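Right, one structure below, let's go through it.
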Amino acid sequence: MSQKHLKEAFISNLNGTSLLEISLGLSLPPLCLLCRGLLLILYHLRYGKPLSSRKYSLLLDFLVLVSPLLFSCTVLSPIMFFMPTIIAAFCAGIFSKIYSQRKHETRVPFRQIVEDFQKAYLDPEYIPAITAFRVYVNVLTSIGILAVDFPQYPRRYAKAETYGTGVMDLGVGAFIFGNALVCPEVRQKSCVTQPKFSNLAKQFFSIWPLIFLGFGRLLSVKSIEYHEHTSEYGVHWNFFFTLAFVRLAASLLLAVFPKNKSWIVAINLAVLYQLTLNATSLKTFILHGSDGRDTRVGFLNANREGLLSLFGYLAIYMASVQVGLWLLKCRNSVKGWIEAARFLLLTALVLFAFLHVSQAYADPVSRRMANLPYCVWAVAHCLTFFICFVVTDLALVFTKLLVKGSSVPSCWNVAKPPNTGTKRETEAVPVRTEGKLSHICLISAINKNQLLFFLLANVMTGTVNILIDTIHSKTAFTLCILHLYMFFNCLIMYILHAKNIVLKFW
């Protein structure tokens, strides 16, 4: 077999892993973020000032926020079930050290700290959990697209062939979910009235880089005979096209239907699509082609997975729009966010229960078709992932109350409470410092140039695969390559952010 066919076989005919293992894996990024925040607070406690060196800040961020994820999806994957416990225990140890080493003159009773925490006001215009969610989806995707070509990456984490739940299967849905959280329809103020189709026109012009990248990937893959998994999107289709068309179709639907009813549109789309799959020959067509022998003759046959899965991804996008609208309601107290986390957790549990029912009576999860169970699974796990980041941010807010003057980049700052006696939360006066360049961190650096980060990761992945025989790589070599690859991508984003450069020209 040629190298191309060997690599294609290496990522084909896989069945995924368990929902529990994916859930445990998703707890690692929030725990890494918590660990980084606690280390910065401990540094401030010991030296009386924040970590100001950009060089050491980048090194700390990479070693704590990225490196553990590289190890956990390669050499430490056999003990994945213990990884969250290990990192959580380490975080508990750091917190204990912070609590015991507080200066005597600033110590207050623990009960008083809890009361101050519950009464604390947070900046209503800034939700760090959304930023962290979107950045980590990008980071995990970037790790996965290269790591999957190495033997140290467990095959169960790769995309399933037809049915199954691999880590990389979730990545596609999470990317769609994260894009919808900050789409123009969500960010648009409710008090501002605009023509119905204004956002559609904006999306039409904003998706051209994705179309351009889609064609760029198509031409480069075909010209160099790069290995590709045809049953993933088809012969000519790819994820850039999917994201572009989903965004455009969603803007059209949101121009027609009220955006606060997008969850109803999402449910109808997913259910009708699933009914069509079960009641007609559509499922057979997606899996086996029009002749039942996996033909790829004609554009529709050649790209049937990519074209027809748009319905499922569109349902995920519309569901995420509803989540985004709900999250951006003015909610600026710790109590408000604790209640929000509870509601989101309840919603996720209901979705997981429905997932069990839908798999029993409809179909197993299939990313290839983006069927109803896949949509439910993706939204449920995305909500769980987001909740973990909210809890992490609240834990860091509590810890910062223990150490006066401490700060953590890309995390909530406690805002000044309103001076008036009114109980309205919306009258809090926020104090924002996260946007200042003096608080550069890897999260904010990647967030500024997310599309560029993803594009750079794709280019670097292709370069590594062309230059290296990944399938037969030894463990030490694999870890070195993956660390160099991610560090280079992160370093570029960090330099651009330090120079306040945002490469967005559309």
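Including glycine, each Cβ sits where the backbone N, Cα and C put it.
So that you can see what the record holds, here are the features copied from TrEMBL:
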- 22-44: transmembrane segment (TRANSMEM)
- 79-99: transmembrane segment (TRANSMEM)
- 204-224: transmembrane segment (TRANSMEM)
- 236-257: transmembrane segment (TRANSMEM)
- 264-286: transmembrane segment (TRANSMEM)
- 306-328: transmembrane segment (TRANSMEM)
- 340-362: transmembrane segment (TRANSMEM)
- 374-398: transmembrane segment (TRANSMEM)
- 451-468: transmembrane segment (TRANSMEM)
- 474-496: transmembrane segment (TRANSMEM)
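Tertiary proximity for the transmembrane segment (474-496) is limited to same-chain residues at least six positions away from its ends with a CB under 8 Å from its CB atoms, namely 54, 58, 61-62, 66-67, 70-71, 74-75, 139, 142-143, 146-147, 150-152, 440, 442, 445-446, 448-449, 452-453, 456-457, 460-461, 464, 468, 502-503. When each of 22-44, 204-224, 236-257, 340-362, 374-398 is scored by its Cβ pairs under 8 Å to the transmembrane segment (451-468), the top-ranked stretch turns out to be 204-224. With a cut-off of 8 Å between Cβ atoms, the residues of this chain six or more beyond the transmembrane segment (340-362) that come close are 19, 274, 278, 327, 331, 371-373, 376-377, 379-380, 383-384, 386-387, 390-391, 394. Proximity of distant same-chain residues to the transmembrane segment (22-44), defined by a Cβ-Cβ separation under 8 Å and at least 6 residues beyond the stretch ends, is recorded for 50-51, 60-61, 64-65, 68-69, 72-73, 80-81, 83-84, 87-88, 90-91, 94-95, 97-98, 132, 136, 139-140, 165, 167, 170, 381, 384-385, 388-389, 391-392, 395-396, 399-400, 402-403, 405-409, 411, 443.
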